[in-house]
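Asker: Got a structure for you, questions after.
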Amino acid sequence: MSEHIEIHKILITAGTHGNEMSGIEYLRNLLSNKKIRAQLLGQESDIGIELALVNKLAIQRRARYVEEDLNRQFSQEKLSALSGENLEHQLAIEFNLAYGPKYEPTRDLVIDIHNTTSNMGPTLIILESDEFHQQMARYVKTNMPEAIILIEDHIPYKQHPYLCSIGKKGLMIEIGPQPQGVLRPAAYLQTEKMTKLVVAFCDLWNKQMLGQLDAVDAFRLTEEVYFPLSSEGEKLAMIHPSLQNNDFIVLNKGQPTFLSFEGDTLVWEGEDNIYPHFIGESAYYHLNIAFALARKTVI
Ligand SMILES: [Zn+2]
């Protein structure tokens, strides 16, 4: 039995990306509306919750970021700089001082809320698969069967450059599909529901009142897949229409993956039983990332 670490300080963040409206609107409501805030956590809890809208200028501009992706600035290397090379780098340094620091964390759990343009459904992204995260995944999925559990533990937790990595534990809520800069009701409601479940889980975890939870299906990130490119770096194809929106649906050898602009179907030549997700995510388009891959597992 591993040490039972209790969760007493939770930081909930949104607006790490300034155009992801479900988290931003939910945080705004939590900050300004006592009734909505009271729904997040019962009175019988000794958990303290802090709320932060992170990249205010990007939110004001309804842009993902001003100069660089903030959610890639929380690496050891970047945080150890004395001053930032751009607005988001500087913001990361300041945010780490205010709510971290990453290597001597003061917050027990950081919940960073995002949304994706991909058809991923309500996704809980966990970065470790220890007992705490295993139990959390089970609790969330049991109480929200439509939830997807995505595990990104291919590198040690603190090696992630994500904002949530400044906590003792950190995770992301990633809801899709929702276009950038707009609120879709389903995304908002799923954001609210999943956030509440994570907080409720922490309370039950502290009180050791979870009981027996059955193992649930999950996905484990393996790699990213790029668009076919010309020698000049221009895309030669788009996502195949039959793959678009099929996030977390199995892909096997020989199935259509890309449709070239000349009309040729390019089929999957990688491994069988693989699960694409972040299919055609808007924020990755300019990076030429077509989708990410995961293997199915249980947690
Ligand atoms: Zn995001």
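Yeah, the Cβs are placed from backbone N, Cα and C, and that goes for glycine too.
Caution: TrEMBL annotation is automatic and unverified by curators.
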Asker: Suppose a student reads TrEMBL and sees His17, Glu20 listed for Zn(2+). Which of His114, His133, His154, His160 should they find annotated at that same site?
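Answerer: Candidate in the recorded Zn(2+) site: His114.
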Asker: At the Cα level, what's the spacing in Å between His114 (Zn(2+) binding site) and Glu174 (active site, proton donor/acceptor), rounded?
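Answerer: Spelling it out, the Cα of His114 (Zn(2+) binding site) and the Cα of Glu174 (active site, proton donor/acceptor) are 5 Å apart.
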Asker: An 8 Å radius from the center of the His17, Glu20, His114 Cβ atoms defines the neighbourhood of the Zn(2+) site; name the other residues of that chain inside it, in order.
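Answerer: Nearby residues not in the site list: Ala14, Gly15, Thr16, Gly18, Asn19, Gly23, Arg64, Asn71, Ile113, Asn115, Thr116.
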Asker: If I take the alpha carbons of His17 (Zn(2+) binding site) and Glu174 (active site, proton donor/acceptor), what is the distance between them in whole Å?
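Answerer: Each residue's Cα considered, His17 (Zn(2+) binding site) and Glu174 (active site, proton donor/acceptor) end up 12 Å apart.
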Asker: Roughly how many angstrom lie between the C-alpha atoms of Glu174 (active site, proton donor/acceptor) and Glu20 (Zn(2+) binding site)?
Answerer: 10
